[in-house]
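Pulled from TrEMBL, these are the listed features:
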type	residues	note
REGION	298-322	region 'Disordered'
COMPBIAS	299-320	compositional bias 'Basic and acidic residues'
DOMAIN	331-443	domain '1,3-beta-glucan synthase component FKS1-like'
TRANSMEM	525-544	transmembrane segment
TRANSMEM	556-576	transmembrane segment
TRANSMEM	588-610	transmembrane segment
TRANSMEM	754-772	transmembrane segment
TRANSMEM	862-888	transmembrane segment
TRANSMEM	1597-1619	transmembrane segment
TRANSMEM	1678-1699	transmembrane segment
TRANSMEM	1743-1761	transmembrane segment
TRANSMEM	1767-1790	transmembrane segment
TRANSMEM	1843-1860	transmembrane segment
TRANSMEM	1935-1955	transmembrane segment
TRANSMEM	1975-1996	transmembrane segment
Amino acid sequence: MSRAEILWERLVRAALRRERTGTDRYGLPSSGIVANVPSSLANNRDIDAILRAADEIQDDDPNVSRILCEHAYSLAQNLDPNSEGRGVLQFKTGLMSVIKQKLAKREGGSIDRSQDLARLQEFYKLYREKHNVDKLREEEMKLRESSAFSGNLGELERKTVKRKRVFATLKVLGAVLEQLCKEVSPEDAERLIPEELKHVMESDAAMTEDLVAYNIIPLDAPTITNVIPSFPEVRAAISDLKYFRDLPKLPENFPIPATRKADILDFLHYVFGFQKDSVSNQREHLVHLLADEQSQLRIPEEPEPELRSDEESKERHNTETEFSLEAVSKEKKLLFLSLYFLIWGEASNIRFLPECLCYIFHHMGRELEEILRQQIAQPANSCVSENGVSFLDQVVCPLYEVVAVEAANNDNGRAPHSAWRNYDDFNEYFWSLRCFELSWPWRTSSSFFLKPTPRSKNILKSGKSERQGKTSFVEHRTCLHLYHSFHRLWIFLFLMFQGLTIIAFNNGRIDSKTIREVLSLGPTFVVMKFIQSALDIVMMYGAYSTARRLAVSRIFLRFLWFSIASVVICFLYVKALDEENKANGDSVVYRIYVIVLGIYAGVQFFLSLLMRLPACHSLTNQCDSWPLVRFIKWMNQEHYYVGRGLYERTSDYIKCIVKCKSQRNVIRGMRIGLARFQGEDKNGWAKDRVKVFPCSSKRGSASDFEIVLDGLERMEGLDGFLLVHCSVFVMLLLRNDTSKSSSFVVPCKVPYRYVLFWLVVLGCKFSFAYFLQIKPLVKPTRIIVELNTLEYSWHDFVSKRFREDISISSFSLWEWIQYVDGCTVKTKSEVILEWEISCMGIEASDARLPVYNRNALTVASLWAPVVCIYLLDIYLFYTVISAAWGFLLGARDRLGEIRSLDAVHKLFERFPEAFMDKLHVPLPSRCVFGLPIGYQVREMELLLMPKNSGSLPMVQWPLFLLASKIFLAKDIAVESRDSQEELWDRISRDDYMKYAVEECYHTINLILTAIVDDEGKMWVERIYEDIRGSLAKRNIYVDFQLNNLPLVIQKVTALMGILKEVETPELVNGAVKAVQDLYDVVRIDILSINMSKHYDEWNMLSKARTDGRLFSKLKWPTDAELRTQVRRLYSLLTIKESAVNIPQNLEARRRLEFFTNSLFMEMPVTKPVREMLSFSVFTPYYSETVLYSMSELLKRNEDGISVLFYLQKIYPVPHPFLLFIADEWKNFLARIGRDENTLDSELNDNPNDILELRFWASYRGQTLARTVRGMMYYRKALMLQTYLERMTAGDMEAALSMNEATDTQGFEFSPEARAQADLKFTYVVTCQIYGKQKEEQKPQAADIAMLMQRHEALRVAFIDEVETLKDGKVHTEFYSKLVKADINGKDKDIYSIKLPGNPKLGEGKPENLNHAIVFTRGNAMQTIDMNQDNYFEEALKMRNLLEEFNSDHGIRPPTILGVREHVFTGSVSSLASFMSNQETSFVTLGQRVLANPLKVRMHYGHPDVFDRVFHITRGGISKASRVINISEDIFAGFNSTLRQGNITHHEYIQVGKGRDVGLNQIALFEGKVAGGNGEQVLSRDVYRLGQLFDFFRMLSFYFTTVGFYCCTMLTVLTVYIFLYGKTYLALSGVDEQIEDRAKITQNTALTVALNAQFLFQIGIFTAVPMILGFILEQGFLRAIVGFVTMQFQLATVFFTFSLGTRTHYFGRTILHGGVKYHVTGRGFVVRHIKFSENYRLYSRSHFVKGLEVVLLLVVYVAYGYKEGGALAYILITVSSWFMAISWLFAPYLFNPSGFEWQKTVEDFRDWTNWLLYRGGIGVKGEESWEAWWDEEMAHIRTVSGRLMETILSLRFFIFQYGVVYKLNVQDTDTSLTVYGFSWIVLAVLLVLFKVFTFSQKISVNFQLLLRFVQGLSFLLALAGLVVAVVITPLSVPDIFASILAFVPTGWGILSIAVAWKPLMKKLGVWKSIRSVARLYDAGMGMLVFVPIALFSWFPFISTFQTRLMFNQAFSRGLEISLILAGNNPNSGL
């Protein structure tokens, strides 16, 4: 055969092999027929198992393989005979072709199918014999149970996998054999299989117990290999779920697995029809939770353990006979607990409705009670249907269907929130008694189940659809929500501003006049309260039909009250002022006003104290029985069923101890609530006796019981009962049924300090406002107000007008002179003459009465920017003071104490003690710090922690502490001439030098004694005895010649260098010679002692040396510990360089420093692993990168850069000579056994190397593989800690030998360690579309499967879509599935729970989390995003963190534990570092202050740890309503706080996190967050928190959530207001007159306002906490250097640009909505972004606004007052110019290769193509300008939005109105004619534009005429312009000024037209509008592009930009020039 034929045959064989094994060359699952069973057939799991077995035995017996394939085909045919399911036909066709191939390969003859049974039976026997089945399990168990199993881990794993694979195949063969027998002869099926074979098959089937799918605890099958069921606490939990005697007996035919007995969940399964897999899931869930709670108490010892209860002890202490815990048995509690979890586990989307679940639970509980009373097991009526018993169909589906229809009616998020019901509306329906209209079973005719009709697509079409209204709250889209939610803040600010202004205008005097004016605050207050009450009415529109009548009554009563109050108080104040102006007026009304105002203010103040102060609040709660108190509280604050008790402690130091004796008070409160409810019920719901289930709290605080008492005593009937009955009962009962204590003591330690914090902030703010903002404006304002002679250069409408109703003659001469005095430039005689003429009846032309308004617009332009700064500067003071506070808190917590390796060295001695104290590990492992990355082999040796096994009489320290110390000590000894004491004192000054000397001394003795013979030992003993004697006599210098010490070190080093190698004859001879040389050196060169005292010994040694006998019989060191000491001594004697820079890897240093620092921080004392809280880690995933493929790694961009090449260069390490080397790549090559010069292409030779390379690269990106590896460190840490704690009784040191106790090798394979870790830790990745990815054979699916293979504890949840046939139609069913990896590398289904429908009704991420949350386990749950990482050393501290749930953090126990994050993407580029620093500042210092003292920390994303039981009973860990909850994470914090939660923050543990690294990624992310905050403004959660928090906590909440974005928007608005004010003054022509008299330009207030705005704009106030955080954790110098570096990298430009991003998206979302979840991408940004892409992204958000600012600045410089010259102009406009330039050019400054000429040319070509391409149907915005333009207008959908856009667009018309009056052609004419004529000119220009842009399609037959008309028009226009310039006063500057006027006018017209797009289309002018818009975009693009093109001419600009972007990488050794040019061979062209 030719070589080509041979290669081809090899290729075919490899392909066939991959087809059989189901894997590709990299070990991934293949895409063959086996791996692709259609989803519609997935319910029959046998098909997949059969095909897998057929592939397994293909090589053994093709005939049997064919039989299995045929049987699989018959199963598929039975399931779907018509092949109607998706993919079924293709599957059957493929399977049939495989069968045919197998038949074709058979050698000759036909197949006798009658022999199939015989073949199967024979093969079964042969297969057993081949694999020696009888010994497989025995061999594995022997190896597993042997004490040395950890030494042969590979063999153990191989045997386990082999056994599982063999038994899985035998199971399939047996099952197929039995089924074929039934097919052949159903009657004789039992006879066809021999009895002997049948017994063998049954025996084999019993051995497959661990092949049965289970998650953590194998409950449905016995197991030997999994030791979890043998744990006492697990056995106790299983025992307590067993069937108890009060339960009715189940029917005989109810299926119960033979491996277990029936339990209470089987009973509930039968009664309510829960799904089998759901019941199995919740069974394990309950067992897991109960076992975990039991383990935290104590482990039972009896043979049949049961859960411990304190009922017996309580019975002895409880002497009262009231209703108590004994009223409900433990079994019944567990029964109802199981019922709740089964309801919750199958509720699907209804899990977002916690009170709805309470309703369901209550009614099903009543049904259950009735069944128990009747003692007959029967299906519940509520779950029975024609098709059987199904909880899903009868209870969940009706709810789901109405929720789904409402969700579909939101028009994919485009419909107004007020037009459809979201999850909160459905849930809050169950807060009222109206929910009983739903009855039980559901009364689907109720209005609640009313399904709305689909909304009309026509925006202008009017008409209402029949639908159910909103509930309790309506999210109207308006910015008034900011006032509605936080009215107390705005009222406070406006009142303070008014008061300070009044005092300032009274020159700071506090006299009667000032007080009288200050009393005007009263009308202001009541009017603002009236506005707030009016908003209450408006905002509730849309919910009146469903709102509670009391709530509606309250709204209108408040409106009526504040209406009357505002009218009365305003009337009294006006009358009081009127009396003051009268000459003889008395002060009666004034006194009445003061009395009324005083009473009103006193009542308001008193109510505020009662409602807001905790002590007073508790007092009012006790007075709730008084109707008046209840009425006042009800009027002051509506009674919500969330948000109660949102107050903190009043005192800093007083500890309040709250006790609740047993649970009797709780029960009493519940009975009171029930009694109250039974008296008020109108529906007969509570007429029957209701069982009440008591609650207790082991980990809870008294606040849990306050919830019960407060809720039941104050809530109206059912509402409180529902909340307690389920939300409190389930959480507390689960945790605390076994509590040992009957009282609860809650020490108060968290201070009420945020009041003090805000008093400081407000004091600074108002001092600043009064002295630097308000007071300096008083004098200029007075001057401007008194100026009545201002002359305007335009036609003024506002500042001066004439009254027609009053003539001059109506005045007396004196009155007329007084009126016009100072108001005119006329002389006094002219004024008198004017009056006389008027009196004679002759009216002059200008004799109308002038009325002046005190120059209101001028005053407004002066005050407006100052007022804006007044409203936002409180945030500036908050930022500064919170940064200082956070700095002090961090210093108190000891953050930053260790910030360098030098500090690590100095404190290393204290680390072991701190490690033991904090992490509670009995014995440390060899590698204490566990940093798995970043070390070189040499560094690993230096950092290795010695065993300290006791062979040396001292502690051995890591070598990196002792490196080079021996040589330093040698030099000191050789050079020193001091005494022995002084010598030792000099050495002892360095502790580690002393330790090194002592270690060498003892180690040499140990080694020499071990290797030499008897005579040699005599010599060693003699030498050491002489040394000790000399030291005792202090004669070391006399007895020993220390100047020859280097010779001894040299000889010892040579000896150790030989002994560390493997023994050979040559090395033995060398070692003998080395010892003899050492003897000679010591004898001759070192010793100076008197040998006569031991003459015999020395003589014997001398003779032996002479004879050659001394040291001739050397014992080679073979003991592992001794060899370790040899190597260590050799390293100690050879490492001459200092280890100060060890480890060299920067990331390893950071982690080492943080971990060691955290050991000295305050953290809870941990418990043993067995007693710790169990927890889950939960990661959502959609379709992001799982693992980089080789094609992705090697793919090059346009610059020739591949991701692999980038990664090789981006991770360097500092070199001692200030050079940098890429160490991580070299380390990787060393780990896989490759040379460091290996080329990338050479790695393709080895599939294993390719796989390792993919993982190496993926671990450095933001991939799911990195996240999974990091989170699995938790399991590894728990296994290690369990392994070290495995001896629970007695002294471990006595029980274990030192070597055994410290040897942690193999801990990952210890059965006990693995079992304990699995019981305490669960990791679920919810991959929403994993099922679809598998069907489509996406690489992500294969990579996820590989991750499951690598991590056995990893569980993947996903939504599986299964097509089924119903009535001949294909229906799609949705299943929530949990899978794990099986032994064949394929997914094994654990649970498959049917859903009521598509679970994605709201936002994708929270819905993805919700469907999979039922698969999580434990008391806690950590939410981790897929761009995060974790570290092994941090995982060791997880137990400490979980103990925070048991710690005291205030009056409420923690429900969310905030965790510190480390952003690991900061080194990629300057942008990445900006984002990293900003994020780090927030997640450390910022959140530190939010948690303490402000108490308003929310859940901002990951990696917070949730109290899982608390949250799953309260709606979950996020909210999912479409659009309104797009920032889903923070709503978890809102919900937790409103429901009595407490959120803390902890910084002794950290989790890694990736961030966006490119400007476009960052902009999209910030846009999403800003838009999410815009939606939060509208939400009910923010409204309720703003209303229910006390005033100071409300301030904290506002300024740390939506207030930040509001202040950001105000910062930008300040610039606009200032510039438009300047433009008004310049165009009106009054600026010069005002400046001459008022000097407003140099006014202090204006300067302060502009400076404050500028500092906020450029990010200074963002940098303040950043700098303080860096100073704390990195040191002052590094922090300052880092900050200065950021400024050189143009960080201010970036922050200014981000300011525009946040402002645009926040403002647009509030006005129009339209926020979307933008996929930002998390890859490495090394490519050049095209100009068109940047233009599309930033055109409307930055470019338009930036050009508007430029236009305002140009107008100001052209027409403004210029007395100060250019310098004054620059000083006053520098912030505006900086903002405009940043907005216009930042995308190109931070764009790689943004100023490279070739790319600039390509960008221009691409941009013009995009701009001119007209597009069409299906064309995306990336391809066509027209498509993009339509997308940009999509957010304007509502009439209110169109009106707002129209109003905002009117500002552009001021330019034309002002500029036309400045033209030379109009001279001094200020009439409206000039303005009207300008519109005629504009109309002519538009006509000319239409002529020149006439449609080519229409004009195809009139080309000649069209061109003639166009040419003629051009000539006429040009001629007219020339004639106008020559004949009229029109000048060339006037032409440019006209352009300046008409351009913004055109844009204003265009903006209005775009807002009314439907109307424009009806008018037929849309195409013309689109042409004008294209022209404007072309012009704006050119204005931005031209400067870029000019700079691209200069090559050094591009070089500078590269260094600017990647400067940090340069400082770390990156060769960015190589990266940007790449290793592309064409890069030099």
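A Cβ is built for glycine as well, from the same backbone N, Cα and C atoms used for every other residue.
These numbers come from a predicted model, not from an experiment.
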In the same chain, who gets a Cβ under 8 Å from the transmembrane segment (1597-1619) while lying at least 6 residues past its ends?
482, 486, 489, 864-865, 868-869, 871-872, 874-875, 878, 1490, 1494, 1496, 1498, 1530, 1570, 1573-1574, 1576-1577, 1582, 1585-1586, 1589, 1649-1650, 1653, 1656-1657, 1699-1700, 1702-1703, 1706-1707, 1745, 1749, 1752-1753, 1756, 1775-1776, 1779
Average the per-residue pLDDT over the domain '1,3-beta-glucan synthase component FKS1-like' (331-443) and send me the rounded value.
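Mean pLDDT across the domain '1,3-beta-glucan synthase component FKS1-like' (331-443) comes out at 90.
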The transmembrane segment (556-576): which same-chain residues, six or more beyond its ends, come within Cβ distance under 8 Å?
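Same-chain contacts beyond the ends: 516, 519-520, 522-523, 526-527, 529-530, 532-534, 536-537, 587, 589-590, 592-593, 596-597, 600, 635.
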Determine whether the transmembrane segment (1935-1955) and the transmembrane segment (1743-1761) share at least three Cβ pairs under 8 Å, counting only pairs 6 or more apart in sequence.
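Contact criterion met.
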Checking distant contacts: for the transmembrane segment (1767-1790), what same-chain residues at least six beyond its ends satisfy Cβ-Cβ under 8 A?
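Those are 1470-1471, 1559-1560, 1612, 1615, 1618-1619, 1641, 1650, 1653-1654, 1657-1658, 1690, 1692-1694, 1696-1697, 1699-1700, 1729, 1731, 1734, 1737-1738, 1742-1743, 1745-1747, 1749-1750, 1752-1753, 1756-1757, 1760, 1984, 1987-1988, 2001, 2004-2005, in sequence order.
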With the transmembrane segment (1843-1860) as the reference, find which of 588-610, 754-772, 1678-1699, 1743-1761 contributes the most Cβ pairs under 8 Å.
1743-1761
Within the same chain, where does the transmembrane segment (862-888) have neighbours whose Cβ lies under 8 angstroms from its own Cβ atoms, ignoring anything closer than 6 residues to its ends? I mean 6 or more beyond.
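Distant contacts of the transmembrane segment (862-888): 493, 497, 757, 760-762, 764-765, 768-769, 773-774, 777, 780-781, 784, 1485-1486, 1488-1489, 1493-1494, 1599, 1603-1604, 1606-1607, 1610-1611, 1613-1614, 1617-1618, 1621, 1640, 1643, 1645-1646, 1648-1650, 1652-1653, 1655-1656, 1661-1662, 1664-1665, 1668-1669, 1671-1672.
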For the transmembrane segment (754-772), what are the same-chain contacts with Cβ under 8 Å, counting residues 6+ beyond its ends?
496-497, 500, 503-504, 648, 870, 873-874, 877-878, 881-882, 885, 1493-1495, 1592-1593, 1595-1596, 1644-1645, 1648
Provide the three-state DSSP residue tally for the domain '1,3-beta-glucan synthase component FKS1-like' (331-443): helix first, then strand, then coil.
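Taking each residue of the domain '1,3-beta-glucan synthase component FKS1-like' (331-443) in turn, the totals are 81 helix, 4 strand, 28 coil.
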